[in-house]
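S.K.: In case it's useful when we look at the structure, here is the feature table from Swiss-Prot:
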ACT_SITE  His47  active site
BINDING   Tyr50, Lys89, Asp488, Gly525  ATP binding site
BINDING   Glu91, Asn526  Mg(2+) 1 binding site
BINDING   Ser92, His93, Asn94, His95, Arg114, Gln238, Glu310, Ser311, Gln312, Ser528  substrate binding site
ACT_SITE  His93  active site, proton acceptor
BINDING   Asp115, Asp266  Mg(2+) 2 binding site
Amino acid sequence: MQEPAITPDLIASHGLSPDEYDRILNIVGRTPTFTELGIFSAMWNEHCSYKSSKKWLRTLPTTGPQVICGPGENAGVVDIGDGQAVVFKMESHNHPSYIEPYQGAATGVGGILRDVFTMGARPIAAMNSLSFGEISHPKTRQLVNGVVAGVGGYGNCFGVPTVGGEVRFDPAYNGNCLVNAFAAGLADADKIFYSAASGVGMPVVYLGAKTGRDGVGGATMASAEFDDTIEEKRPTVQVGDPFTEKRLMEATLELMQTGAVISIQDMGAAGLTCSAVEMGDKGNLGVRLDLEKVPVREEAMTAYEMMLSESQERMLMVLRPELEQEAKAVFDKWDLDFAIVGETIAEDRFLIVHNGEVKADLPLKTLAGTAPEYDRPWVATPAADPLGDVPDVDPIDGLRALISSPNYASKDWVFTQYDTMVMADTVRIPGIGAGIVRVHGTDKALAFTSDVTPRYVQANPVEGGKQAVAEAYRNLSAVGATPLATTDNMNFGNPEKPEIMGQFVGAIKGISAAVAALDMPIVSGNVSLYNETDGTAILPTPTIGAVGLIAHLDDVIGCDVRDGHVALVLGETHGHLGQSAILSEVYNRAEGDAPPVDLDQEKAHGDFIRANRAYIKACTDLSDGGLALAAFEMAENAGVGVCLDASDTATLFGEDQGRYLIACNFDQAEALMIAASQAGLTLTSVGKFTGQAVRFGASSAPLAELSDVYRQSFGAALA
């Protein structure tokens, strides 16, 4: 097959600028082949190279005594004691999920699971953070149904519990939904597998499913805005098979026990290209690939297609040659392909041969290490206009407005489509607060949460970035966990626009300050830019996934609210209504500044919760919807009413940060009051849990009536 001529239009269609193509000419010293152009396009796109964000990502705190492996590998690795480690990462699959919701979301789950077990860890938990357009938008229902089905379909069949996540709706996501997938696994701390190749002449082995044409150019597609040609991009979306992935995981983990693995890398974005280049680059070696040896499922595939295919459930390994037969036997047992497709070489070359013809011959280190790195112009987000007058709303009417909104109604409709109990180690299922999974065979547990409030980031990127981390810290603390580390998923619009780049820079500054103050280093992550359609960007959405350790299951703070329990608020209440949920849902206003985050107070309050958990029967952080929504959710979950003394909108629905709602009996409340006073912290009695009504001041409604609204509104909105 004759390859197309390299023209300006072809270069542009590969997402390369004229300046970038000139750089390629200088590197190669000649006109690149079509396959070489595709390889550069894959390695230099935003999705793989982080060329617009790398400068700022370097400023994130990524180290700590608990960190075994930080950013740069497939996933982060954190020590949890007793010779064990938790391996985790969050990653986006936004563009594919908008084009093909089911497969886009499903393969997002599959990709993040591979990142975890490639490191030698068995996945034990998954989460997802989903953002959609307004519920009335003609595409939203299709996207929600497809994405949720894809997440559940893949995760359920693979056999990993989904223990948490978020679902939000805003018109800013009408043209670009966000699908951020998180996975965590367990491994022996001294048996982590890395991707750096080692040794000259070592076999490079292809593992897993066969290669097809699905996903060709997927990484490049994910590095551009959408326009009216979106439907033409459907073939760039990968197709997943969770049962093959399950077999691949079992085979990979079994293979790792044989000692045959020198290095291993999953094939994700840019497929065979990116995995081979990364392995060679990290090991300071070259790589030769013979593509006629690659297992394929379609006829007459070209070198270009094989190098850029993003077919799922595939891995690349550098093998100890003396253990080839033992390794092959493992993959034969699991009915998966095992093919030696190349070797490591001493020369700094990335050599691609197909049917005896050299299709690409490039300097590997240069290909990996000289992707453009841009210092994009940016402007700081201007200070938000002051919040105008907010008239008081009847408290129960305000609550009803929140719990009937798809943003704050129960997400049972979503979570019941996920298997939350598979593996039988789930301690707390999704619905309220952080998810908890027992470390199998031990008395320890891990807690997981995913958090961000995009409207805060839009108004004030620095405070919004801080708040995303702080809320994750609070969610972990509220269940009794000690926060360990975080993973970030940075979802933004077009970085070539200074105002968008300013949002990114501000959020990074806020996140950096928060993870440093709260001792939650960033150990892995992902950047998704160009989330725009026809020039309209999403809300800036820097999602934070966080993991905490519960040393003993007895230390878990439960949800044991009972009639007669006292309601306490830890932290100061000032009635901050700027950018609040009540302002948006009742008044349709997005005004004022985001609430400020006092990181010293956040740390002190989290430490106080953990130190005094023996006195606490139930605990939740106060975030969206303030005290009113938190108290209702806690009461509704327990099936008992709640009476709060306050009746004014600011006290009930304000979103001051750093606060927790605590339920306990009277004696425990007294002990907590004394402890808080001694620590110099503010702890206030705000009411009690009792009866079967929700009463805020003089306004009340039956709990059962409000519970029906809360439980049924989400599904009804999608009907």
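Keep in mind that glycine also has a Cβ here, set from the backbone N, Cα and C atoms.
So where do these features actually land, and what's packed around them?
M.R.: Secondary structure at Gly525 (ATP binding site), taken from DSSP and collapsed to helix, strand or coil, is strand. A C-beta separation below 8 Å, combined with a sequence spacing of at least six in one chain, links Gly525 (ATP binding site) to Leu57, Pro71, Lys89, Met90, Thr487, Asp488, Asn489, Met490.
Shown in sequence order, Gly108, Gly111, Ile112, Asp115, Asn180, Ala181, Asn489, Asn526 are the residues of the chain, 6+ apart in sequence, with a C-beta less than 8 angstroms from the C-beta of Glu91 (Mg(2+) 1 binding site). Secondary structure at Glu91 (Mg(2+) 1 binding site), taken from DSSP and collapsed to helix, strand or coil, is strand.
Within 10 Å of the C-beta atom of Asp115 (Mg(2+) 2 binding site) sit 28 other C-beta atoms, taking all shown protein chains into account.
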S.K.: Please report the DSSP secondary structure of Gln312 (substrate binding site), reduced to three states.
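M.R.: Gln312 (substrate binding site) sits in coil per DSSP, no helix or strand.
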S.K.: Distance between Arg114 (substrate binding site) and His47 (active site) at the Cα atoms, whole Å?
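M.R.: Given the Cα positions, Arg114 (substrate binding site) is 18 Å from His47 (active site).
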S.K.: Of the recorded positions His47, Tyr50, His93, Asp266, which one has its Cα closest to the Cα of Gln312 (substrate binding site)?
M.R.: Asp266
S.K.: Is Tyr50 (ATP binding site) helix, strand or coil when read with DSSP?
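M.R.: DSSP call for Tyr50 (ATP binding site): coil, neither helix nor strand.
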S.K.: Between C-alpha atoms, which of these recorded positions comes nearest to His93 (active site, proton acceptor): His47, Tyr50, Asp266, Glu310?
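M.R.: Smallest Cα separation from His93 (active site, proton acceptor) among His47, Tyr50, Asp266, Glu310: His47.
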S.K.: Taking 10 A as the limit, how many CB atoms besides its own sit near the CB of Asn94 (substrate binding site)?
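M.R.: There are 25 such Cβ atoms around Asn94 (substrate binding site).
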S.K.: Widest Cα span across the ATP binders Tyr50, Lys89, Asp488, Gly525, in Å?
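M.R.: Site span for ATP, by Cα atoms: 17 Å.
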S.K.: So if I draw a 10 Å sphere around the Cβ of Ser92 (substrate binding site), how many other Cβ atoms end up inside it?
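M.R.: For Ser92 (substrate binding site), the count of other Cβ atoms within 10 Å is 28.
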